[in-house]
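Input: a single structure, listed below in structure tokens.
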């Protein structure tokens with residue numbers, strides 16, 4: 001492992017006897033309980049609350065403006081610059097703050113299951129439960145390789161509150177990435193998901209330099225090597241749909257696509273668990289055992305029983321657990337190139353078909369568009385679904401220009417024989433508020449049919465507005481459900497709503513003037 005020269009203050013903190021290194025999960029649970037950071041549930045999981053911040057705070061995320069990365073960053077509302085001087089000053093304040101604590105936790109983990117692209121990570125935490133979370137989410141065993149990648153260091157101090165007037169932040173919370181110093185600095189927020197997504201942002205910057213497409217997707221495969229990718233924003237079903245009893249899980253959220261195939265960036269899963277039941281998601285249910293972390297799930301203090309139906313603290317309730325907690329997980333999580341790709345969207349308008357086939361040009365169009373709905377709880381201030389477009393189904397985590405990632409996907413689709421499907425896990429029979437959420441059992445049936453090739457010979461009809469190729473039949477799904485206008489009570493209302501969404505697609509796509517005409521024409525039709 002190539003070691004970067006760290007600051008003397010950071011080295012001093014890491015070498016201090018008050019900093020506890022490489023503690024196992026059992027000891028971290030014990031420390032968390034002793035420090036009143038959480039409680040045990042009846043299944044042995046550690047239940048914690050994250051306070052004010054129950055989701056990511058994207059407005060408080062910054063990238064340090066540095067010469068080595070300046071020209072490669074897509075600066076804007078997502079990637080906001082902060083000066084190196086301001087960052088270093090704040091970093092030193094945080095390190096001095098952690099120095100005063102009675103105990104800190106430090107470990108080495110890794111991002112990237114493929115040895116050729118594995119990034120070493122040192123993570124330093126104020127909270128025992130944050131350290132447990134990171135231990136379960138990052139890869140724990142180093143691959144037998146020496147790829148020369150310099151390690152990144154996460155410094156997490158959730159109880160340190162920044163002063164915007166002094167520290168140059170927007171609020172008390174901050175997530176700052178320095179590619180030159182190889183540091184991720186997090187403070188003011190107890191939401192552990194910030195660590196996971198910051199590392200993903202780092203990998204989204206580093207991997208393209210090695211010819212690898214980083215992807216916000218889940219992935220699974222069969223024993224025969226038929227790999228599938230599931231793209232989609234938070235809450236669209238990536239984790240749920242990739243946890244199939246009939247397929248081997250590669251990972252639930254973050255992957256790389258190299259010339260050799262697919263690899264997981266992480267070593268664990270971070271599943272949404274609002275409404276979780278053993279019947280609907282048995283693998284996730286069983287994974288919530290000792291060593292797992294439950295975020296913001298209401299727990300009965302007398303019985304220790306979690307109430308997965310409750311959104312009292314947030315709709316964004318989460319479970320973090322290691323990949324090996326899934327019985328059929330593929331370990332190490334490396335597989336061949338995909339045979340099928342599924343774009344997941346939770347359509348709040350209720351007008352997109354539950355499943356449709358995409359041409360290569362349509363796949364590029366919908367990848368660039370990244371349409372879905374922001375779902376309650378995944379970000380602060382979101383309480384109802386809201387139509388949104390997130391380029392490459394992961395715009396908040398992309399430091400580079402979207403066109404770079406889209407071009408890479410286009411090249412992959414060109415080189416491999418991959419069938420792409422668009423699957424709507426959102427509403428049917430009406431928009432949000434009047435329609436109903438498509439049943440998970442139906443979505444599972446459609447996905448299984450797509451992956452098993454059962455739709456290959458089924459007749460399709462072209463949707464007159466969206467231009468999508470919709471199968472007329474799918475095993476296990478009512479035929480009328482496949483055509484949205486047939487399940488709306490008011491067809492005129494459907495038509496108006498569909499045209500409204502089509503217009504939003506066109507307005508959003510104006511942000512990609514360099515897109516080929518063949519891709520632009522693959523979108524919805526307004527006339």
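The backbone N, Cα and C atoms fix where each Cβ goes, glycine too.
From a predicted model like this one, the values you see are computed outputs, not experimental measurements.
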**Q.** Site-mate of 197, 216 for Mn(2+) in Swiss-Prot, selected among 114, 252, 253, 286
**A.** 253
**Q.** Record-annotated substrate site (Swiss-Prot): member among 135, 318, 400, 437 besides 56, 191, 197
**A.** 318
Q. Which of the three DSSP-derived classes (helix, strand, coil) applies to residue 197 (substrate binding site)?
A. helix
Q | Cα separation, residue 253 (Mn(2+) binding site) to residue 238 (ATP binding site) (Å, whole number) | A | 7
Q: Using the structure shown, find which entry in 56, 238, 318 (the binding-site residues) has the sparsest Cβ neighbourhood within 10 Å.
A: 56
Q) Going by DSSP, is residue 238 (ATP binding site) part of a helix, a strand, or coil? A) helix
Q.
If I take the alpha carbons of residue 191 (substrate binding site) and residue 216 (Mn(2+) binding site), what is the distance between them in whole Å?
A. 20
Q) In whole Å, how far is residue 318 (substrate binding site) from residue 232 (ATP binding site) when you measure between their Cα atoms? A) 17
Q. Can you list the residues of the same chain, besides 197, 216, 253, whose Cβ falls within 8 Å of the Mn(2+) site's Cβ centroid?
A. 196, 200, 234, 254, 394, 397
**Q.** Three-state secondary structure, which DSSP defines for residue 216 (Mn(2+) binding site)
**A.** strand
